[in-house]
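Pulled from TrEMBL, these are the features on record:
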TRANSMEM  12-37  transmembrane segment
TRANSMEM  57-78  transmembrane segment
TRANSMEM  90-114  transmembrane segment
DISULFID  Cys166-Cys195  disulfide bond
DISULFID  Cys167-Cys186  disulfide bond
TRANSMEM  207-235  transmembrane segment
Amino acid sequence: MGVEGCTKCIKYMLFFFNFIFWLAGGVILGVALWLRHDPKTSNLMELEIDGNQAPNTFYISVHILIAVGAVMMVVGFLGCYGAIQESQCLLGTFFACLIILFACEVAAGIWGFMNKDTVATEMISFYDSAYDKAVSFPGLPGTEKDNKEKDAVTAVLRVFHETLNCCGKTQTTSFLTESLGLTNLCSANGTPVGCHQRIDELFTVKIGMIGIAALAVAVIMIFEMIFSMVLCCGIRNSPVY
């Protein structure tokens, strides 16, 4: 015989919230893996110009999210098992893990809010460096070294334009055909959209998804901390124990 009355109700509510927490961990892990391997972002993150890799700030955030999702699944299972078994030790460990996760999430949220525009800004700067190099090359054939650099820059720009369906910093394509002598870097269908706009839209949407997931998890964690402490106190005060 275990806890009775309202404490028993708290026990099953804690189990329910822990199950939701475990599912949320799985969802976050899945979303993080999708963000990590999404062709739109992976194609851009793998680009390189003159030995300079594309900014990896976004991937750092995604890798942290993968770790958080995995830890949430483990902690959620721990909470479910502790609630069903009415174990003070497991519930105490679960509560401590929640406190640590919550503190890390708050810190990450503050950092993310303060640097929410950094990812897009860094990627725009990387694109601009390729753009400016393209403009600097003459239209006529140059030396072998110039041709290799030109091919590298052209490849980078083509990945940006094909991945994001954009062309140039703003809505223009004339510099590409005139300075590079190529006509296939930008789509000829419809009015082209500037890559600055596309980059900003891409990372703003994905960072927004991360923020929504973090907020939902924070709300669940607050309820879990309350229920776990109530249940732990109920177990301690139960005459059976």
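Cβ atoms are placed via backbone N, Cα and C, with glycine included.
TrEMBL annotations: computationally assigned, not manually curated.
In this structure the alpha carbons, written CA, of Cys167 (disulfide bond) and Cys195 (disulfide bond) are 6 Å apart. The 10 Å shell around the Cβ of Cys167 (disulfide bond) contains 24 further Cβ atoms across the protein chains shown. The number of other Cβ atoms within 10 Å of the Cβ belonging to Cys166 (disulfide bond), over all protein chains shown, comes to 24. Neighbour density for Cys195 (disulfide bond): within 10 A of its CB lie 25 other CB atoms from the protein chains shown.
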